[in-house]
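According to TrEMBL:
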DOMAIN    173-447  domain 'SAM-dependent MTase RsmB/NOP-type'
BINDING   263, 264, 265, 266, 267, 268, 269, 287, 315, 333  S-adenosyl-L-methionine binding site
ACT_SITE  386  active site, nucleophile
Ligand SMILES: C[S@@+](CC[C@H](N)C(=O)[O-])C[C@H]1O[C@@H](n2cnc3c(N)ncnc32)[C@H](O)[C@@H]1O
């Protein structure tokens, strides 16, 4: 990062500073939220900042490939690299900004964050790019390597996806992987009807489109919904449409009285369960991290559903030894690699490795294995992840069923009956199916024990 301590409300300066921090290990969504909170930015500037940050992260490998011939072996500061990437991003992906404006603004940022010399260096590189153009990715002969540079995804991930889904399906999936994520909301049905939320958002100049994926869900455009009055009044919450599916598949009938949410923070699904059940139902919501438990509580408070939720800091693997109670339903929305969220958290692709995926699969199995001891006869476990890799999805379920003949897989059902003609009981939602996050949902039912038959 530049040694200079610069305070600026210029969205291009902020984008470069934010990108350098993310390159250093910060999470994109947290870092961006913090910057937006700390600075007085217009809606247009917030949009530009967000677009630049996500755009550069999403296309980082493509930009490295394009910039390499212009930089050669010269060592340049990390922030200068981020600045050049954000200039290339604007040239290639944002048609509304003319090239001379991109050059001028970028050179200005170089001078603000660096010095006159940095300004000259950035000017020279950008003018060379302007004169010579960027090299064509189709020159890369090896198809997987070409796809890797084109979509900015590591080779191991592409190879894994191809081995699990075939080349055609993988290419179709990767086609949309760098699209902007949609903003979707869930209506808090304890406080308002769908129509009331539609009207409240329309009154604040938002546009809503009913979801075709989940019930009580809308895709919203026209600004940040989290800044709306409707959000502050608890009439709605932000949640991806596919993230609503695990709770939809829990079959929360009137007979269900006790529910465990084994990995609950920040409480998106706990609060969804709470609004889907009657007054006399209790939900025990666990998370291993104390600071995250507070997030469940504050979400529950904002949505007015605290009465039904008991939170507890606990490693879900300790459930059988720490909790005697049996539950009619258990949700294991497992910690996972998050490869279904590539649009929303684009840096995941560079941070997570195949070893991480294998370690997570082990943890997921352990959690599932442990909590299964606390399910009532005929009770159910819904297992879900926001990843698209089989190691953490189908393979965990297969391993679980091999060990637990007292459980069976039953069809995962959703309110909109998604993928009705699929041949499997589990539900895979890929990011290109409905332009949502990728998700996996499996529904396991505990068989009636023979003692009770
Ligand atoms: C995918 S997130 C859950 C998201 C949440 N269900 C929601 O909808 O808002 C997984 C959560 O599992 C928690 N976690 C990780 N390991 C755990 C463990 N061994 N026991 C309980 N929670 C764990 C993480 O802290 C994280 O909050």
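Every residue, even glycine, has its Cβ placed from backbone N, Cα and C.
Max Cα-Cα distance over the annotated S-adenosyl-L-methionine binders (263, 264, 265, 266, 267, 268, 269, 287, 315, 333) is 19 Å.
Across the domain 'SAM-dependent MTase RsmB/NOP-type' (173-447), mean pLDDT in this model comes to 97.
Recorded residues the residue listed as 'active site, nucleophile' and residue 267 (S-adenosyl-L-methionine binding site) have their alpha carbons 15 Å apart, per Cα-Cα distance.
DSSP assigns residue 269 (S-adenosyl-L-methionine binding site) to a helix in the three-state reduction. All protein chains included, residue 269 (S-adenosyl-L-methionine binding site) registers 24 other Cβ atoms within 10 Å of its own Cβ. Around the Cβ of residue 263 (S-adenosyl-L-methionine binding site), the same chain contributes 286, 287, 288, 316, 332, 333, 334, 335, 367, each under 8 angstroms and 6 or more positions distant in sequence. Other Cβ atoms within 10 Å of the Cβ of residue 315 (S-adenosyl-L-methionine binding site), summed over all protein chains shown, number 16. Taking all protein chains in view, 28 other C-beta atoms sit within 10 angstroms of the C-beta of residue 267 (S-adenosyl-L-methionine binding site). A C-beta separation below 8 Å, combined with a sequence spacing of at least six in one chain, links residue 265 (S-adenosyl-L-methionine binding site) to 285, 287, 289, 292, 293, 295, 296.
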